Each structure stands twice: as C-alpha cells, then as structure tokens.
Amino acid sequence: MHKKNFRVSNGVKNIFVSRASRLRIRLLALQPQESTAPSDEKKIEIPPMGWLWQAGKSPSASATVANLRENRIKPKKSLGQNFLTDDNILKDIVSASGVQPGDLVLEIGPGTGNLTKHLLERGALVTAVEKDDTLYERLIEEYKDNPSLKIVKGDVLRSNVDQIIRDMIQQHRGCSSAHSSAHTQSDVELHAEANSASTSNSIAEDGSSDVAFLTDAAALRLTSNGSHSGSIPPAPSDETTISNSSDTGSEEAAELSHLKSSQQDKVRVVANLPYNITKEFLKLMLPKGHLVSELNIMIQEEVAWRLVNKTPGRPDYRAMNLRVQFYSKPKYRFLIPKERYFPAPGVDGALVTFRLLPPLARPSVPSERGFIALVGKAFLERRKMMRNSVQPLYTSQQMESALVHCGLRPDSRAQDLSLADFVGVHRALGEAVAKELLVDYETAD
C-alpha cells in the first residue's frame, strides 16, 4: 500500500513542474545553437563570496535573506532594492543576455552580488555601479582580489556613463592612453556628476554636436556641414562645447575606426534595475548605440510589454514607445515572478533586451534631438490634433502641410501615428523654421 502511494506521489510530482523550471525550459529552447559554449570549455570557478553565500560546495543566492539579516542590513525602499534570490533565474538572465567569456559587461546596482557572481562565472569582465554605501563597501571587500570585476560607487543617472564605458573598453581592449591608464578608482567614482548635468544641454543624446536649442532647419544645415551623429565624441568635460568639436576630430575618427573593427569593443549592459528608475535609465542609455550593444534589464512586467509594443492607438501607447523603437530593437524575454525577489515587490518582473542601433542604423531625420522633442511635445496632449499640440514648435499650417505631405489626415493625433509616420512628418518639417527655439519637451512620457 505504501509502495503504491509512493509511486502516485512521484507521478503527481513529475506533472507539477515548478513555474521557474518551465520558464527555464522555455528559455533554453529559444537559445540559438551557436551561442552554446563548447563542451570542452573549462569552467571558470568563482569561490563563495563570504557574507553573501552559503558555505559549502553549492553557494546559493537563496542565502541572501539570511545573510542580510545576520549582518543587520535592511533593503532600502528608497533605492528600489529588491534582490533576486533564485539561482536558476539568475543563470537564465546571463544566458538570455548572450554573455560570453571576455565580454565587457556594465552592471547597474549589483546590490548583494547575486547576478555579479553569475556574470563572473560566465567569464565576463564586469564593471558594476553601486549607489548604496553599505553594499558598496561589502562588495569591495568580498571581490577585492578578483581582477575581472571593478566596482564603482555612485548614481548611474548622475554619472558620466560614457567615460565609464570608454574606460572599460580602453582597459580591456588595449586602447588605453597615458591619461586613461592614470585613472584611479576615485577618478571614476562619478566625479563627473556635475559635468554631465552641466553639459547635457550642449551635447546631443547620441553623442553628436546637434543641440536641442537649434531650429530643425539650423540643425539640418549643421548636420549637412559634417557634424554627423555617427561620430564618437570625447567624454563630456567642463570645457566641452560645440566650438571645440573640430579640435578632437582626429581622436574621434581613430576611436570610431577601432569601435567599428570589432563588435566585442561594445559594452553589454546587464542589470536588475530598481523599477523606479526604468524610464530615466532608458532615456540615458538608449542613444548610446555607438558604445553599447545591448541593454538586458529587469523591469516591471507590465512596463516590459508596454515598451515592446509598436501598435499606435492603444491606450498605453506613449512617446517612450517611439523613443524605444527609434533607438533600439526591443525583445521581451521571460517573466520573473515577484516571489523570486527579496523583499517581494508588488508586481512581477520581466527581462527585456534592447538591442541598440548605432547612429547610422537609426531612422534618418534632420535632427535626432529635434525629432525626440517633436514626439515629446505631441504626446504631452496625445489626444489633441497635432496641428494644435505641437505649438509653439511649429505653426498649425506647417504641421497640417507636413501631415498631408506624408499622406496623413490633417487632423491626425499623436496617439495614432507610428514611428514611420513621425519620421516622415519630421522630414517634411525639416526645412521649416520653428516659431520658437526648441524647448526641453524630451522629458515627456
């Protein structure tokens, strides 16, 4: 009798596969064959990391809760700290992100190092940016002898991310100069926070010298005179202005030539993002296709589905949808149940990959910043007719003419236009002079 019951229990157990296992099976089935590591490849061993991991042969992310409590460390809600505690999902994230040995990976918010450990096991060369003072100090202590990891302290949204990425490329790809090799940890600890903020209005999002405060016509003339968005700029500094762009032309050309020579010279972002910085992080990182190949980030599942949506007219269709499409090819990967986090957030998460487009692969528009400003202004009142919603950037007559020129109704609304529609309208407006200078409408949702 007992034997029979035992067999039935096994049958039931085999039927009810865990949700995480199903996700893992589905993900592995979708992985391209060529990305699988050779069977004879030697596994890179990463030892247990002290306070973060269980002792023994099988250190696990599930030890995070106990170790945090033992060390009296409480996750900070203000920083959006929710730590992933499922090793299978962490492995799936690294696999779905396509990380291979020797890849340059920028991790945002390593926290307790759970994802960091799996990135290092894959053989990645990781630079991790951590804002939390306590966790930063812990990570520094635990990983101090690991040459494959560099930990930077600061807020990624206020940092000079371009410089951090360039330092990664120079250090690991043999492009370092005397100046860059002299950088110390303190040099890179987001010392450019004020720099980045002060120069953000003079350097375009894609790294070019197009400025947001030019009219579209002026921006078009500037672009036609050689300031193409495809050039790779030096890192912003207090002295960076539009006028000095020609002085660094040879340096930019050399760096661009090197970056084009190998896709490996681009950085891959893998991050368990705090949900509350998703929008600002994407605005910061999407235009960096000249330096970054992909963004692989964990965000709210509802937001994930919304961002990969390309269908105009939906209630959740926003300016951010067009921004995402303009700068990248987004792909929803898989669900991450909220129960796999500590503390558990109120909603499920998801992994999304944004494959960034280099400047020359993006839709051709007279001015990228002008295009983003037009989209943002139109969506501030997305249900209004565009001939009214885009003022004072363009007059009602200018907008109507552009819409008709593109085969669209003169009373079209922003919520009904696709990316191709907006690109066509912006091209039609390319030589039209705005009534006022471009204001910062890029911040629209």
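The backbone N, Cα and C atoms fix where each Cβ goes, and this holds for glycine too.
Nobody curates TrEMBL annotations by hand; they come from automatic prediction.
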Additional site residue, Asn272, Asn276, Asn296 [criterion: listed by TrEMBL with Asn82, Leu84, Gly109, Glu130, Asp155 for S-adenosyl-L-methionine]: Asn272
Among Asn82, Asn272, which are binding-site residues, the residue with the most C-beta atoms within 10 angstroms of its C-beta: Asn272
Three-class DSSP secondary structure - Asn82 (S-adenosyl-L-methionine binding site): coil
Residues near Glu130 (S-adenosyl-L-methionine binding site) in space but at least six apart in sequence (CB under 8 A): Gly109, Pro110, Gly111, Tyr136, Leu139, Ile151, Val152, Lys153
Per-residue pLDDT averaged over the domain 'Ribosomal RNA adenine methylase transferase N-terminal' (89-358), given as an integer: 75
